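Asks: Could you have a look at this structure, given as structure tokens, before my questions?
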Amino acid sequence: MPRQEHIRNFSIIAHIDHGKSTLADRILEVTGLVSDREKRDQYLDRMELERERGITIKAQSVRIPYTAKDGRKYVLNLIDTPGHVDFNYEVSRSLAACEGALLVVDASQGVEAQTLANVYLALDHNLEVIPVLNKVDLPSADADRVKHEIEESIGLDCSDAVAVSAKTGLNVDKVLEAIVERLPAPEGNLNAPLKALIFDSWYDSYQGVVVLFRIVDGVLRKGDRIKLFATERSYEVIRLGVFSPEIVDMTELGAGEVGFLCANIKELGDAKVGDTITHVDRPAEVPVEGFKEVQPMVFCGLYPTDSADYEQLKYALEKLQLNDAAFSYEPETSQALGFGYRCGFLGLLHMEIIQERLEREFQVELIATAPSVIYKIDTVDGKKSDIDNPSKLPDPTKIAALYEPYVRMDIHVPNDYVGNVLKLCEEKRGIQKNMGYIASNRVVITYELPFAEIVFDFFDRLKSGTKGYASMDYEFIDYRQSALVKLDILINGEAVDALAVIVHRDKAYHYGRALALKLKRTIPRQMFEVAIQAAIGQKIIARESISALRKNVTAKCYGGDITRKRKLLEKQKEGKKRMKRMGNVELPQEAFLAALQVGDE
């Protein structure tokens, strides 16, 4: 067991694409952990999707033995964290397992919004932060400007920031020396009762749930009986070890160390991220603070395009939930789409990733309904309820008040595009709170916005309005009363539940009109006329018609009596009427996507 003063636990904080995973790769190579033969980009991102999108979704840990220049042998535990705002809770738990962090900033781009959010999380956990300027080999790199930006926006002293190029490996050895010299060693009591923090867990089909943890106090040995605070359940440790970066089995781990255990835990929900492990016979009195249940924020319906795939979808969702405790689902039926599931996600990226994994790993073709958020309702009879599906909203006469979630958003943008950003935020019912310069040409704008307005197309429009230069970060603040209405879409007088949305009263007419027009373009023409109507309650606010396809029934009449032609046309008209009464309109997949793309025009 290494001595505590020779252990360093750290994580790497960076905005997407600033070189976090590349720096981790170089550290593994410089310390000789990964040979040239095993080398591959983004070594710690095990999921194919993580490597393809260039993002880190799950937290990982790796134990790195390092001999410093003074000859001492150290154990460095790198805890790789996700960088995206959706996975904020995972980031906060990973940071709670560390004493220090490397703040990696792209020397050509400067400080971005999500970097700031994660740095503030690190400072909340009292971590020592070392600034690292990456990509200094690029011609566009401006290290002095970026140092100034970091000092201005975060207040970190950058006089001894390390300038590196993770791509070429330049100065990576200096980063390792800085970790050893400047980051504090863990403080834990080996003789105290066991207390260990779970910062990640995943499901393995052979060993059950694998738990990644950091020991705060005490010693954990193979064969010990342990219990978890949140569930009060007890287990026996069957396997104990560390990732270095492949699995190395251990017999014991002490305070300050990071490792994994297997204990025949059957469900991921039993080993929640942020929970505390302790011994059954000598339990700790209080858990590690900061544990909270993760609540889904965004909901949408997922339906198989072929109803025969329903069981396959169910199996796929069960498998995904084993590895993602923040993801929730429950069965639901839709008159338009048949049987499917209502799924809850942490945010938009999370939703995209789950959908992509379902299609890629399980080959399930999906129809996804428009995403919605959780609304709170006070009914006239004094009851309170939460609604995550617009089609479940009660009749407007029964609603006393409707509340929607608001978020506080920080947007970092070059000053050339400030006008576009302000226009977009105002259009999305935002309330401007603050605006200031963090550098001569970069502005940070703070807005409070309804979460429902971000869910649709906000991120895409922000990127296109700023040529990709803007970055954003948001956090949930509270629920506020709003003038919201449910907008129904009727096709030939029948409401299509999967197209119902909750919108602000001021936007209802414009949205209803745009959606009806979009549907007119996507629904194929039928043998009878199709009426598309947008309605609030009983009131129709917009209508579009798709004209019928018709055969030229008078083609066989050459000259002759007009009454003959009229008779044939009347007969056709009767047939169309009967068809309209009996006929069903098949809605293509594009019709449901139309609801997601209304704001694009």
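Start at 1 and count along the chain as shown; that gives each residue its number.
Note: Cβ is positioned from N, Cα and C throughout, glycine not excepted.
So Swiss-Prot lists these for the protein:
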BINDING   ASP17, HIS18, GLY19, LYS20, SER21, THR22, ASN134, LYS135, VAL136, ASP137  GTP binding site
DOMAIN    5-187  domain 'tr-type G'
Asks: DSSP secondary structure for ASN134 (GTP binding site), reduced to helix/strand/coil, please.
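Replies: In the DSSP reduction, ASN134 (GTP binding site) maps to strand.
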Asks: Name the residues of the same chain, 6+ apart in sequence, whose Cβ is under 8 Å from the Cβ of ASN134 (GTP binding site)?
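Replies: Listed in sequence order: ALA14, HIS18, GLY19, THR22, LEU23, VAL104, VAL105, ASP106, ALA107, VAL164, SER165, ALA166.
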Asks: Among residues ASP17, HIS18, GLY19, LYS20, SER21, THR22, ASN134, LYS135, VAL136, ASP137 annotated as binding GTP, what is the maximum Cα-Cα distance? Answer in Å.
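Replies: Taking every pair among ASP17, HIS18, GLY19, LYS20, SER21, THR22, ASN134, LYS135, VAL136, ASP137, the longest Cα gap is 17 Å.
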Asks: At a 10 Å cut-off from the C-beta of ASP17 (GTP binding site), count the other C-beta atoms across all protein chains.
Replies: 15
